[in-house]
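Structure, as structure tokens:
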Amino acid sequence: MSNILRKVIENDKGELRKLEKIAKKVESYADYMESLSDKDLQAKTPEFKQRYQNGETLEQLLPEAFAVVREAARRVLGLYPYRVQIMGGIVLHNGDVPEMRTGEGKTLTATMPVYLNALAGKGVHVITVNEYLSTRDATEMGEVYSWLGLSVGINLAAKSPAEKREAYLCDITYSTNSEVGFDYLRDNMVVRQEDMVQRPLNFALVDEVDSVLIDEARTPLIVSGAVSSETNQLYIRADMFVKTLDSVDYIIDVPTKTIGLSDSGIDKAESYFNLSNLYDIENVALTHFVDNALRANYIMLLDIDYVVSEEGEILIVDQFTGRTMEGRRFSDGLHQAIEAKEGVRIQEESKTSASITYQNMFRMYKKLAGMTGTAKTEEEEFREVYNMRIIPIPTNRPIARIDHTDLLYATLNSKFKAVVADVKARYEKGQPVLVGTVAVETSDLISKKLVEAGIPHEVLNAKNHFKEAQIIMNAGQRGAVTIATNMAGRGTDIKLGEGVRELGGLCVIGTERHESRRIDNQLRGRSGRQGDPGESQFYLSLEDELMRRFGTDRIKAFLDRMNHDDEDIVIKSRMLSRQVESAQKRVEGNNYDTRKQVLQYDDVMREQREIIYANRRDVITANRDLGPEIKAMIKRTIDRAVDAHSRTNRKDAIDAIVTFARTSIVPEETIGAKELRGLKDDQIKDKLYQRALEIYDKQLSKLRDQDAILEFQKVLILMIVDNKWTEHIDALDQLRNAVGLRGYAQNNPVVEYQSEGFKMFQDMIGAIEFDVTRTMMKAQIHEQERERATQYATTTAAQNIQSQAIGADFDSSADFSRVERNDACPCHSGKKFKNCHGRKAF
């Protein structure tokens, strides 16, 4: 073990020596750059661009370019990057992560690699976790870039597509991680090239990279559309039933946070809904609503997992930052179940049109780099998933913060009493205190106790984060007491007020350990910036969430040794801190394994998404006739249909092929079995294909000119691709839930998902080609639409393309015995089974 540790330390030292060598080269240009006039310094940008065009690499330009930015920052901002910041900038340019402590000037460090990479003219994206930081950094650092002749854009959610396009065309674009992801998805849903806003993804520099690429790695970005639904009453009824249950009627698995009805709960459900068997196929919709109502009532907690806004909206709380996640909703009906639980307006269910995780979004950039103060604990994940190394950068001044040993109490009550007493003592001597909590609920509780103790304070949590930067800025003033959820206010420095250094600097008090050591380190790092004095102290109790879920038997043994009559007794032990850390490592390991598994599943979707999006983009950007592609689809559709039916006896095969031809290729009265009898399969294929080509030419002759034909072809393909892709996303989601159970049969769920997902993708491609064929052959192209065929709108597309073949008679005699809840209903209504006959009993 010690050999491995020594090797790691030596590797880090060797890396730092290399960085220092390049940094000294940058510093060697300092006097020369200082001697240049403003005009000459600004002229360096076009000079570098020309040299890059002439074949010099960015690595060759680096020392000089970094020196130019240093001098420009000194003249424009009055700030001059230190050597450690130059080293951090080199690491960023190499596509790695410099671990730089809080207050070491990460924002200024980024200016050097951002400027250098912007010289290539392919765009640089600086990614931050919220719009406040994007706007602040773009405004402050943008002065340097603008002064040096580079354009800077800010991409905000509220901007129009035209404004977004302009922002992305700039040399440097500031944006949030979510907005870049949503823009990528929306770009792959448009029908005209001019509606796209992004350029190809080149270089992203992610601020607080651990927050985006680790904490939010599993978060899918979802673009969805509302599905018309009459399910609100069903959510309310399921909620009313679940609220009648006793604790023996359901079973909760605490570590995995899963829940299900017990036998007594099933009996109650059957009685409440007047059913003979809750798990009968006909009740598949009902079990879905009941499962969600159970989760909403007994797993999802108000002020921890979500808050209710003043407007009566359910807002998700980010478990890592404590911020509310505006515009995000729990999926698969859970959000509606929570709305029913809280008695607020139930919003419509939505259907996913496009989705991507941050893991796959950021892996699409040609080069990816990031900055953070705490990433070493996740080094393996950064290396394996993103191919990024973590390089710890030394601080400019030694750290003077004192980190005290954790204090452990028996109960939550005794722990909070001790926290309030500590805060009061420090407040009375004027030392500023930042109290960090894991949940909104805890911050409200401590706030209440501080009010009772007569201590004035500010609360920063998911309920009022719009004031967060202001509150955090004042947290270092004399006598300031601030309560903050987790890492709220991250990215904003806490500067010490007058006389605070003499009092010991800012004291950070953690009210419990987070399940990730990194988050605890971030909280500690709020104190002691740039060599300032400071303190940190964590208070724990045996009733904390981490202890209850993952505490070891050795920790629990402490409780037995305690004097139960005196709950205020406190344990202070290094060994205890190590035990807590090992519990955290276990959780981090579990979380990493989960993220790795999510990535394995998501890679299946990624490969398929890239194929669909590449083909889609090819259609959108096409200036050529798409006839060859459409004809190839028609040919494959005919071949598939004939091959599929030729396996039955010949008479039945001919009848089936005739039915296919009548419904999908030719006018009904123009073909009969007689015509095809006696022909071989290849002859039938050729005959049908020739007939299809005649109809194809006839259809296109109704359109005004070549532009109208191209627009029609594009709309035809894109409309069907988008529709089928949306259905496929939903189907993959259901498959993923289903294969999880196959582990019990000794089958690897990921392998099963990959093979079945591939087969479903092949089927989807076949379905796209079939629908393109059928719609092309059967569409009614109205005379009055000719003049408007070049003006795309989804409504025009729907008017231009009205397929006679789509839709079948309602079949009330269908067999429902083997139908899954997300399958198409056998009655041919066009709805999913769960939204049609699967709902009937409910």
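Placement of Cβ uses the backbone N, Cα and C atoms for every residue, glycine included.
In the three-state DSSP scheme, Gly103 (ATP binding site) falls into the coil class. Sequence annotations record features per position, and here Swiss-Prot assigns ATP binding site to Gln85, Gly103, Glu104, Gly105, Lys106, Thr107, Asp493 based on sequence analysis.
If you look up Swiss-Prot, you'll see Cys825, Cys827, Cys836, His837 marked as Zn(2+) binding site.
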Residues that sit under 8 angstroms from Asp493 (ATP binding site) by C-beta distance, when 6+ apart in the chain: Thr102, Gly103, Met473, Arg529
Binding-site residues compared (Gln85, Thr107) - highest count of Cβ atoms within 10 Å: Gln85
Listed in sequence order, residues not in Gln85, Gly103, Glu104, Gly105, Lys106, Thr107, Asp493 with Cβ within 8 Å of the centre of the ATP site Cβ atoms: Met100, Thr102, Leu108, Thr109
ATP binding residues Gln85, Gly103, Glu104, Gly105, Lys106, Thr107, Asp493: largest Cα-Cα distance, in Å and rounded to whole number: 17
Nonlocal neighbours by CB distance (under 8 Å) for Lys106 (ATP binding site), same chain, sequence gap 6 or more: Gly88, Met100, Asp207, Met371, Gly373
Nonlocal neighbours by CB distance (under 8 Å) for Glu104 (ATP binding site), same chain, sequence gap 6 or more: Val84, Gln85, Gly88, Gly373, Ile393, Thr395, Asn396, Arg529, Gln530
Under 8 Å by Cβ from Gly105 (ATP binding site), counting only residues of that chain that are 6 or more apart: Leu79, Pro81, Tyr82, Gln85
